[in-house]
Amino acid sequence: MSNTSNNVAGVDNTFRRKFDREEYLERARERERQEEEGRAKPKGKGPPVQRKPLKHRDFEVNLESRLGKTQVVTPVAPLSQQAGYFCSVCECVVKDSANYLDHINGKKHQRALGMSMRAERSSLKQVQERFESLKKRKDIGSFTEQDFDERILKQQQEEEERKRLRREKKKEKKMEAVEEPEIDPDVAALMGFGGFRSSNKK
């Protein structure tokens, strides 16, 4: 028995993994070389795109065009015919007017129009011209104290007219309430009373 136990073939049951250090060192060096090359070479995006500064809209946004209208909405309809507001520049549909305004004033829409989100810097001459145009507009539409007094007088007259009409309506209502309804005397006698007046007369 002791003979058999000494002659048993050895079995590697340690399950310990053996690493090849040279192979892994080579892999680490290769990875470091690639990282160095990546840092040294800048990403080629090309020259930056020059966009125009923001401008005023040259059209009026019509949010009430579909107000009060009914529309059949199908899932297979083209985007421009679906429910909501369609942006032809970005080719998207926005569900309500507030989000539509946010969209057309937003970065994505302005970029699609070729504009950056920065306003053009005004020169001194442009500012002076703007002040001059505002002064001219103010001079044309200015009013004097006499115009102001006339407007106040007109408002007071309108208010007095409204009060007078209210008083007349109240008087008419009182008169209608005071008037006795006419009752047929035959019907009154049949019902057992001659009228609504009290029998006590002083």
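FYI, residue positions are counted from 1 along the chain as it appears here.
Glycine is no exception: its Cβ is also placed from the backbone N, Cα and C atoms.
Automatic, uncurated: that is what TrEMBL annotation is.
If you check TrEMBL, you get these features:
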- 20-54: region 'Disordered' (REGION)
- 20-40: compositional bias 'Basic and acidic residues' (COMPBIAS)
- 82-116: domain 'U1-type' (DOMAIN)
- 151-180: region 'Disordered' (REGION)
- 151-163: compositional bias 'Basic and acidic residues' (COMPBIAS)
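In the domain 'U1-type' (82-116), the DSSP tally of helix, strand and coil residues is 14 helix, 8 strand, 13 coil.
Broken down with DSSP, the compositional bias 'Basic and acidic residues' (151-163) shows 13 helix, 0 strand, 0 coil.
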